[in-house]
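Peer 1: TrEMBL lists these features:
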ACT_SITE  Lys43  active site, proton acceptor
ACT_SITE  Tyr261  active site, proton acceptor
BINDING   Arg141, Met314  substrate binding site
DOMAIN    240-371  domain 'Alanine racemase C-terminal'
MOD_RES   Lys43  N6-(pyridoxal phosphate)lysine
Amino acid sequence: MTSRDIPLAEAGGLLTIDLSALAANYQELARRVAPAACAAVVKGDAYGIGLATAATTLWQAGARSFFVALLSEGRALRDLLPDAEIFVLNGLFPGTETAYQDHDLRPVLGSAPEIERWQHFCERIGEARPAALHVDTGMNRLGLTPAEAVHVAEGRDELGFPLSLLMSHLACADEPDHPLNARQLEDFRAIAALFPGVRASLSNSAGALGDPAYHFDLVRPGIAVYGGRPRADVAPLRPVVRLELRIARIRHVHEGETVGYGGAHTAIRPSRVAILSAGYADGIPRLAGASDLCPGAEAVVAGHRCPLIGRISMDLLAVDITDIAEDAVRPGDFATLLGDGLTLDNLARHSRTIDYEILTSLGRRYHRRSA
Ligand SMILES: *Cc1c(COP(=O)(O)O)cnc(C)c1O
């Protein structure tokens, strides 16, 4: 059973994906980076919102180039978008060459052995299939060293397949003043100059929302498309995800009693507590919880912001609703964790994590719907 099939009446939470906001965010980014082209990064099940809904919406909004992390994601995307240009970021794993051909996917090659294997494969099938080249300029994760890239440029005539993209990845784009940005830009410029006629791509969302010098021919935003906040100095685009959690139970707690595991919350007054039917097994970070010493995240109940109290359990969490009129809320109602003014950015900060991790952890037990 996929979460789409979980009936609302049974679900502990309701996850609503705003497809018009998703399309608007993509188009806003495309407008801001023009004349550079704007791809869409849809790895990780489109950052947790669902590949099928995201990909078709983004295609309709005008996206033509897509990035995924893994071959399996590329294959699923190809089934949805027969005419898209699809790049697979994590490299060419041995033995997967034929699958790239079968599904018309472009591997992002980032090491000499990967390049060699693609060369041999193209030779064997008698077809020069395009691939992208990844050059590392400071991330030290994937990609050729600049020296290796120079070597490839020098031997480009004998490469045996066309390069459809040259890319690198920024390590600190969310900190515009970090000196590594300028260094990566300079190195990437120098390398791109060695590959005339090949499209160049350096920027993720944070880079796309900043200095146009970083845009080159194609930008690769992910998180900004999904309403996350890639950098503190730029407001996020429209929220795409709304998360509401069901109130399973409302109970009275006497002054001095504790709530939840570890007795981490002590009631300092006679309290009313709403127990919501979702927890860390649904992707709500345990660190979003609270203790007597440290406040946690908030939920909106009957239009009012209320604090989460105590530790978050696997399937439940507690909210203090003492200040809400007794007849305003009943078991079965929903409390909002994302939406009604509660942002992804805010929940992430309370949980000492980032928007990306909140989105990609969104649970499989919610009733999901698109709006
Ligand atoms: C994930 C990823 C992106 C998108 O990054 P965002 O910060 O979500 O915009 C772009 N390029 C590469 C190489 C990535 O791995």
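Backbone N, Cα and C define each Cβ position, glycine as well.
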Peer 1: Around the C-beta of Met314 (substrate binding site), how many further C-beta atoms are within 10 angstroms, looking at every protein chain?
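Peer 2: The Cβ of Met314 (substrate binding site) has 13 Cβ neighbours within 10 Å.
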Peer 1: What are the sequence-distant neighbours of Lys43 (active site, proton acceptor), meaning same chain, six or more residues apart, C-beta distance under 8 angstroms?
Peer 2: Phe67, Val68, Ala69, Leu70, Glu73, Leu89, Gly222
Peer 1: What are the non-local neighbours of Arg141 (substrate binding site), defined as same-chain residues 6+ apart in sequence with CB under 8 A from its CB?
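Peer 2: Sequence-distant Cβ neighbours: His169.
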Peer 1: Including all protein chains displayed, how many Cβ atoms other than that of Tyr261 (active site, proton acceptor) lie within 10 Å of its Cβ?
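Peer 2: Tyr261 (active site, proton acceptor) is surrounded by 13 other Cβ atoms within 10 Å.
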Peer 1: Cα distance, Tyr261 (active site, proton acceptor) to Met314 (substrate binding site), nearest Å?
Peer 2: 11
Peer 1: For the domain 'Alanine racemase C-terminal' (240-371), DSSP counts of helix, strand and coil?
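Peer 2: Looking at the domain 'Alanine racemase C-terminal' (240-371) with DSSP, the answer is 25 helix, 48 strand, 59 coil.
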Peer 1: Check the domain 'Alanine racemase C-terminal' (240-371) for me and report the mean pLDDT.
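Peer 2: Across the residues of the domain 'Alanine racemase C-terminal' (240-371) the model's pLDDT averages 97 on the 0 to 100 scale.
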